[in-house]
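One structure is given below, encoded as structure tokens.
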Amino acid sequence: RDYQQAETERLSRWEKWRRTSSKSLKKAVSEVKGLSSYLVLWRHDIRSIEGKFGTGIQSYFSFLRFLVLLNFIIFILMFSFVILPTIISKYGLFNSTIAYISPKNIDDICTIYKPSGNKGLVYFYTYLKDLLSGTGFLEVTILFYGYYSIDAVWISIMRYNLPLAYLLATFAYLALCLLWIIKRSVEGFKQNLVHNADPFQSYCNKVFAGWDFCITDPSAARLKHRSLQYELQSDLQEEKLKQKIAERRMEEKLRIYSLRIFINIIVIAILSGCFYSIYRVTVFSQENSNVSIRNDTRTILVNLLVQYLPSMVITLANFIAPLIFAFLIKFEEYTPAFEIKLTLMRCVFVRLANIGVLLFSLWSQISDCGSDKCKPCGYNYKLYPCWESDVGREMYKLMMFDFIVILAVALFADFPRMLLVTHCSCKLVQWFGHKEFGISDNVLEIIYGQTICFIGTFFSPLLPAIATIKYFIIFYVKKIVLKHTSKPAAKPIRASSSNFFFLVVLLIGLLLAFVPLGFSIARIPSSKACGPFRHFNTSWEVIPDTILQFPTGLQQFLFGISSEAFAVPFFVI
């Protein structure tokens, strides 16, 4: 201490001031961080859930909060660079004007687009149908791609290139999502890697460090006891099964492998049936929507049902296929841990692939060039004069129907079941008991909706705002369901491994979104009747068109880094 005092006395005034300032700054930063923690969304609610139900279920609600923030940031990005400049120019704010470019080498028939906006006296149920299907008055709003039919915005003396901004904003939100998800998954990956490194270490972790000290509720503590007991029993059973596998004779191996091949053929057949059904109902829905000019209640309901057929079939496939997979996996004789992983991956595949099949069905209709349907415009302009808005409407309907199903299950399935179990002493009802709050099923449910948002934002720029509101409401719905109608799963998954699994599946959904978006931007001819890219052959052409306005040296550099020889290795790395 004396040495420190002597050292302090020898310091110059400048050094003293610098050290004092550094300490004050660190203290201020620490206090700001402490105050900012109180501003974290649902901080108290998530801590309460963690204390009562453990870190496994808490990880689901934390993941839900992450999706709310992610969608809000995507919305801010699209609003700032696409929606706001369009609104400013449409209403002439800040002395702004709209610049339109006369179409060149485009057949006049390709530029005809008559949105089915409501005109005259309209019944209230027509508005309800439009709200659910994205047609009518919603078709001509900022919700869909077709509204942004502006070539440039002049704000005072500044020219704002809206087509370029639209495309770059799309690339920006995809890059932001990719980097943010990877950043969050790194920590979970490290913990998962350490946990799976050594089986003996796994036993030690369970025995000596397996208790969740966040738990404060007695019933949650008893549940944690049972879950630890289940994990140890599963580990012992798995080791026993591994020993049994090692001792199998050749005849037994042939029997099991033959059975697995047969079951996988059944799984492929089920998937093929789901995909074919989605393809057929999508084609039927697109060909028979809005065919009637009558406006009575019965016709509107039938039309709404036809429009929602793809969403209904996809939801049905997402519900039935996992139940069949869970039943079939029991006969394949895998280890318990691998059973869970394989079932989850099959469920992930069926949910995400269903969206891909729907988009493939739409594009097969858009690019259906039989009998020279596409000759003047490059796409089926008679059925899809503004095909981007049509794809946006399908994504909008999928998101709305998914939200309606989540609310309906909570209201008409979970709550009646809770009332029956509570007030009915029938043995059959008591055998069913309260519904388990399955973390993996709930996560797959919201990742399916998020993948729709990743794909649909390009075609419907306001979709992230709808997703933000949707997940905000779902948080409270799931919280009520958890506390009042459900019980935690008897076989919970670990928080660290669950966080990593959630992010990996979300990353798969994002990578899936890259494929249809890349195909739409680079390959399919853009609509000539609507949208910011109507003067370009494809949406991507706005990039080379802008680069051609730069100096020659900069042009050569940008064309070099955008070539396949550079771009493909770069993106792979």
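Cβ atoms are placed via backbone N, Cα and C, with glycine included.
Curation does not apply to TrEMBL; its annotations are automatic.
TrEMBL annotations:
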type: DOMAIN; residues: 386-496; note: domain 'TMC'
type: TRANSMEM; residues: 63-84; note: transmembrane segment
type: TRANSMEM; residues: 137-157; note: transmembrane segment
type: TRANSMEM; residues: 163-182; note: transmembrane segment
type: TRANSMEM; residues: 257-279; note: transmembrane segment
type: TRANSMEM; residues: 308-331; note: transmembrane segment
type: TRANSMEM; residues: 343-363; note: transmembrane segment
type: TRANSMEM; residues: 452-477; note: transmembrane segment
type: TRANSMEM; residues: 497-519; note: transmembrane segment
Sequence-distant residues near the transmembrane segment (452-477) by C-beta distance (under 8 Å, 6 or more away from its ends) are 42, 45, 61, 64-65, 67-68, 71-72, 74-75, 78-79, 82-83, 142-145, 148, 170, 173-174, 177, 355, 359, 388-389, 391-393, 395-396, 398-399, 402-403, 406-407, 410, 446, 509-510, 512-513, 516-517, 520-521
If you count CB pairs under 8 A between the transmembrane segment (497-519) and each of 63-84, 137-157, 257-279, 308-331, 343-363, the winner is 343-363
Excluding the flanking five residues on each side, which residues at least 6 beyond the ends of the transmembrane segment (308-331) place their CB within less than 8 Å of a CB in that stretch? 132-133, 259, 263, 266-267, 270-271, 274, 277-278, 281-282, 284-285, 339, 342-343, 346-347, 350-351, 354-355, 358, 361, 394, 397-398, 401-402, 405, 441, 448
Which sequence positions outside the transmembrane segment (343-363), separated from its termini by at least 6 residues, show Cβ-Cβ distances below 8 Å to it? 267, 271, 274-275, 278-279, 282-283, 286, 310, 314, 317-318, 321-322, 325-326, 329, 390-391, 394, 398, 440, 444, 447-448, 451-452, 455, 501, 505, 508-509, 512, 515-516, 519, 524
Interface-richest range of 63-84, 137-157, 257-279 toward the transmembrane segment (163-182), CB pairs under 8 Å: 63-84
When you scan the chain for residues with a C-beta under 8 Å from the transmembrane segment (63-84), skipping those not six or more beyond its ends, what do you find? 41-42, 46, 142, 148, 162, 165-166, 168-169, 172-173, 176-177, 180, 184, 443, 446, 450, 453, 457, 461-462, 464-465, 467-468, 471-472, 474-475, 478, 499, 502
Counting each residue once, how many in the domain 'TMC' (386-496) are helix, strand and coil under DSSP? 85 helix, 6 strand, 20 coil
